[in-house]
Amino acid sequence: MDTEALKKYSALHPKPAGLTLQYGTAGFRTKAEQLDHVMFRMGLLAVLRSKAVASTIGIVVTASHNPEEDNGVKLVDPLGEMLHPSWEEYATQLANAEEQELQKIITEICQKAAVNQHQDASVFIGRDTRPSSEKLSQSVIDGISVLGGQYHDYGLVTTPQLHYMVCCQNTQGQYGKATLEGYYEKLSKAFTELIKQSPSSGESQRHLKIDCANGIGALKLSEMQPYFPKEVQIHLYNDGTKEKLNHLCGADFVKVHQKPPRGLDMKPNERCCSFDGDADRIVYYYKDATGHFHLIDGDKIATLISIFLKELLAKVGQALKMAVVQTAYANGSSTRYLEETLKVPVHCVKTGVKHLHHKAQEFDVGVYFEANGHGTVLFSKAAETKVRQLAKEEKDDEKREAAKVLENMIDLINQTVGDAVSDMLVIEAILALKGLTVQQWDALYTDLPNRLLKVQVADRRVIDTTDAERRAVTPPGLQEKIDALVKEYKLSRAFVRPSGTEDVVRIYAEADTQENADALAHEVSLAVYHLAGGKGAPPQP
């Protein structure tokens, strides 16, 4: 390691005094002007990680659904998954190190993680459309170069596209070609094959309006348009030419405010969807004939996909084990429908994509979605091999055809991470194949009314939870109080959990009516305020 070069370059990317950041589920995220030193240092870390695992590592410069002024960075591990938890710790240490300790901390990481200094390092970089992203990704490149790493800069890509590239590269092309064309070709080929099987194929066009959050999704969808079959017409809104990223639009806005984005005129019963800023989340919605807005969130997307996959698995006749993974935020109606009507096992895990992904890996077919629209499906190696073999060799026509549909599904789904483009195509294919309208999909079950609130506290660490965050262990008395409140309402449940990023406690409540869900959420927020050290004035109803 060239210590002089490290010193010289590090001085060009100085750390602001007194700034400490934490690498969380979303990597680092804060105001763009505070991130230059972090980007440089994540370039360094990516080289170390690459040497440690002798594979290509990815770096994405994005702050997803945050305001345009923010930015962020996350690292991508060899198979396109999120950075290993032990390295999140190293990332935090490196980002917060004072200038003069940098060398020492790098040496410590090399020792702790058994980094082979003589191993070549390779890093893939991608970025979103924020004004600050290009300059910040240059800082990443400085970090990679100073430690002698090789890099490939993909420039503007969606976050899931970069995850995909990294996986392709490290599977020596088994997962696909590590180029944008490779991504477009693989997905569109699988999609076209699926659409061919649909009952109304060829005669009617399918229209879909897409709110691209004024982000990268718009650029990449327009690049992909020539690859789509002519039956599918997509119409892009909030394409970033006029308005600010994520401002009054995007999946997060639509989900939180339960209303359509600005800049998209909806006619009754038209299918619409929204991506988030870096295109790794998607939600659907429509207006009914009376003008009432209906949101179709991650829970209902997971349900649609589960129904479809379960039917196919039954036709293929293999004893493959399927399950759905949710968090405590999943609507109670979705859990009930999956378990009782569909008879599919449901597992609840802690909030955060990495927990869902990890659990989903335990099954032959693991479907996971967060209510916010981030999710995908994982197929075990054994299941995938079996399906591909049946699609080729099965003598029984019906079984073979079902296996072929499954095989195309496997190719259409981005198994590395939630991907709005891929998920959109999966949903469109299923709706076409099953001949379902958006209203029929929505009518599978009715969401229980719910309410999300947050309470500011002096220290979020006073709240500790168990049972996948569904029960509070501390402070004493809080869970008993919540249990008593829940008993007063029909079909109700409530839970509280500390935020991962700020000193607030998040509250979720659902009940038989909106009025009751609101009342329950408010009563729980008062309990949190009084028992967990609330700040400021008590919560008002």
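Any Cβ shown, glycine's included, is placed from N, Cα and C.
Predicted automatically and left uncurated, TrEMBL annotations should be read as such.
Sequence annotations record features per position, and here TrEMBL assigns domain 'Alpha-D-phosphohexomutase alpha/beta/alpha' to 54-100 (among others). Looking at the domain 'Alpha-D-phosphohexomutase alpha/beta/alpha' (54-100) alone, the prediction's average pLDDT is 95.
Neighbour count (other Cβ atoms within 10 Å of the Cβ, all protein chains): 26 for SER64 (active site, phosphoserine intermediate). Annotation source TrEMBL lists active site, phosphoserine intermediate at SER64.
TrEMBL lists SER64, ASP276, ASP278, ASP280 with the feature Mg(2+) binding site. Within 10 Å of the C-beta atom of ASP280 (Mg(2+) binding site) sit 31 other C-beta atoms, taking all shown protein chains into account.
Sequence annotations record features per position, and here TrEMBL assigns domain 'Alpha-D-phosphohexomutase alpha/beta/alpha' to 106-166 (among others).
If you look up TrEMBL, you'll see 178-283 (among others) marked as domain 'Phosphoacetylglucosamine mutase AMG1'.
The domain 'Phosphoacetylglucosamine mutase AMG1' annotation in TrEMBL covers 297-435 (among others).
Sequence annotations record features per position, and here TrEMBL assigns substrate binding site to GLU370, ALA371, ASN372, ARG497, PRO498, SER499, GLY500, THR501, ARG506.
What TrEMBL records for 388-415 is coiled coil.
For 452-525, the entry in TrEMBL reads domain 'Alpha-D-phosphohexomutase C-terminal'.
Take the CB of PRO498 (substrate binding site) and look out to 10 A: across all protein chains shown you find 21 other CB atoms. Taking the Cα atom of each, SER64 (active site, phosphoserine intermediate) and ASP280 (Mg(2+) binding site) are about 8 angstrom apart.
Most Cβ pairs within less than 8 Å of the domain 'Alpha-D-phosphohexomutase alpha/beta/alpha' (106-166), among stretches 54-100, 178-283, 297-435, 452-525, belong to 54-100. Closest in space to GLU370 (substrate binding site), of the binding-site residues given as ASP276, ASP278, ASP280, is ASP280, taking the CA atom of each residue. For the domain 'Phosphoacetylglucosamine mutase AMG1' (178-283), the DSSP counts in helix, strand and coil order read 36 helix, 18 strand, 52 coil. A 10 Å cutoff on Cβ-Cβ distances gives ASN372 (substrate binding site) a total of 21 other Cβ atoms nearby, all chains included. Excluding SER64, ASP276, ASP278, ASP280, which define the Mg(2+) site, the same chain contributes THR62, HIS65, ASP128, THR158, THR159, GLY215, ALA251, PHE275, GLY277, ALA279, ARG281, HIS374, ALA420 within 8 Å (Cβ to the Cβ centroid), listed in sequence order.
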